[in-house]
Structure formats: C-alpha cells, structure tokens
Amino acid sequence: MKSAEKLSSIRTRVPFQVGRRSDIPAEMLSFTDLNSDKEHVALVFKNADSQQTTPLVRIHSECLTGDVFGSSRCDCGEQLNEAIEKMAEQGGIILYMRQEGRGIGLYNKLDAYELQIKGVDTYSANNQLGFDDDLRDFSEAAQMLKAMGVSELKLLSNNPKKQAALEQNGIAVKELQSTGVYRKVDNHYYLETKASRGKHRLKLTKDMQPS
Ligand SMILES: Nc1nc2c(ncn2[C@@H]2O[C@H](COP(=O)(O)OP(=O)(O)OP(=O)(O)O)[C@@H](O)[C@H]2O)c(=O)[nH]1
Ligand SMILES: [Zn+2]
C-alpha cells in the first residue's frame, strides 16, 4: 500500500445538479498532484468538506457497466444512487475513483465477465487473466480527503479494506455504514463471492428476490 505522503490540492470546483432528476445540488472537484495520473473526482454535497467535521463519505470505484448502464451483473449503480440520495439529505462526499474493474480496466473486466459466464467466480476470473483479486490502491482517496481538509469521516461501504486503507493513510474512520444489498437477476453469485472471498460485510439471505 502506497502512503499518501504527496500533498495534493483542489484544482477546480464546479457546481451542478445531479441525480436521476438532475435536481440535487452538488459540486465536482478535481485535484492536482495525485499519486497517479488517473482523473479521480470528488462530488461534494452541502459543502460537507467545509461545513461538517465528520462527513459521510463513499469511495466509489468506477463501473461503466453498472453506473452508466445499470448492468444486472453487479450492484454499483444502485450503490451510487443510494449515496447520492443519502447525501442530498445529509450532505457528504463521493470520491469517484477511476478504478474500473477493481483496477484492471474495462476491457479486462469484460474478459473476466466472459470467464464468469463459463462459471468462474469474480476473483478467480481476475486470477485466470493474470491479475490479483483486487488491484485498487486507495491512498489517493486519502490524498483527496486531505486536500479537502477532511481528517475524519463516516464511511459508506461494505468493504473493510477501504476503512483499513484510509486509516493507514491518516484518515480516521469513526463509523462504517453498510450500503443496501441490491439483488438482481444474475448478481447473486457475485454478491456471495464478495462476502465469502472478498470479506465484504454483506447480509445475504437465500430467499432474497431480485429487485
Ligand atoms: N475485475 C472485476 N471487477 C468488477 C467485477 N464486478 C464489478 N467490478 C468492479 O468492482 C468495482 C467495485 O468494487 P466491489 O468489489 O463491487 O465493491 P467495493 O467498492 O470494494 O465495496 P463497497 O464499498 O461495499 O461497494 C468497480 O470498479 C467495478 O467495475 C468483476 O466481476 N470483475
Ligand atoms: Zn459494477
């Protein structure tokens, strides 16, 4: 895990409205001097970075298939909407990390899907393609938070690795809030594997019906 020793700062802060009806005020922030040249952005609701001591934060990894197209293979789009709707009410910050496919990129994720259709699970598909289970490095999330002056937060996630990474990089996680579980026609095996092998905190029940 790389540390967030490099000092980043806010480059641009642009207001707009977001959400399914484009009626939720937010600001998009870009940054200078992140560890990589990936164009990670933050979405800030109700000026939570300057107005709240312990804002609600979601570190959301890019998922073109789920976030944009509502793919049935994962739960990313639903988690993103949940975060937007919660933060419209109480304020908060979404760090939208350009880490498509847990860091392997979109084309490789599509290759992994092809293997999954043949019965390989979500992590083993990565391994068969020559990648580790998860290539994401969350130190840049800590850099972005520090640039915004946020040193403690409530984290909206089921993934304890995100909490550990923030804490290793000097950000205090005061609370871990789970997201909803979004069962769809063909994501049950994906969710089960995230819980068993990825150690995500997901409460899955056998009779859970697709939404
Ligand atoms: N390689 C690969 N990446 C996937 C797959 N399904 C979703 N992703 C990517 O996984 C990332 C989301 O990570 P997840 O493991 O679903 O969840 P998380 O962000 O770690 O945890 P939460 O905070 O609880 O949502 C996004 O970048 C998706 O593009 C898959 O089958 N294979
Ligand atoms: Zn997804």
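Backbone N, Cα and C atoms are what each Cβ position is placed from, and that goes for glycine too.
Feature annotation from TrEMBL assigns active site, proton acceptor to Asp134. In three-state terms derived from DSSP, Asp134 (active site, proton acceptor) belongs to neither a helical nor a strand segment and is classed as coil. A simple way to gauge crowding: the CB of Asp134 (active site, proton acceptor) has 17 other CB atoms within 10 angstroms, across all the protein chains here.
As annotated by TrEMBL, active site, nucleophile applies to Arg136. Counting only same-chain residues at least 6 apart in sequence, those with a Cβ under 8 Å from the Cβ of Arg136 (active site, nucleophile) are Ser61, Met97, Gln99, Arg102, Gly103.
Look at TrEMBL and you will find Arg58, Ile59, His60, Ser61, Glu62, Gln79, Glu100, Gly101, Arg102, Thr122, Ser157, Lys162 tagged as GTP binding site. Around the Cβ of His60 (GTP binding site), a 10 Å sphere holds 22 further Cβ atoms from the protein chains shown. A strand conformation is recorded for His60 (GTP binding site) in the three-state DSSP classification.
Mapped onto three states, the DSSP output places Cys74 (Zn(2+) binding site) in coil. Summarising the annotation, TrEMBL assigns Zn(2+) binding site to Cys63, Cys74, Cys76.
Averaged over the domain 'GTP cyclohydrolase II' (27-175), the predicted model has a pLDDT of 97. The feature domain 'GTP cyclohydrolase II' is assigned by TrEMBL to 27-175.
Helix, strand and coil counts from DSSP across the domain 'GTP cyclohydrolase II' (27-175) read 65 helix, 32 strand, 52 coil.
Not one of the recorded positions His60, Glu100, Asp134, Arg136, Ser157 places a Cβ under 6 Å from an atom of ligand 2. Using CA atoms as reference points, the recorded positions Cys74, Cys76, Asp134 were checked against Arg58 (GTP binding site), and the closest is Cys76. When the recorded positions Arg58, His60, Asp134, Arg136 are checked against ligand 1, none has a Cβ within less than 6 Å of one of its atoms.
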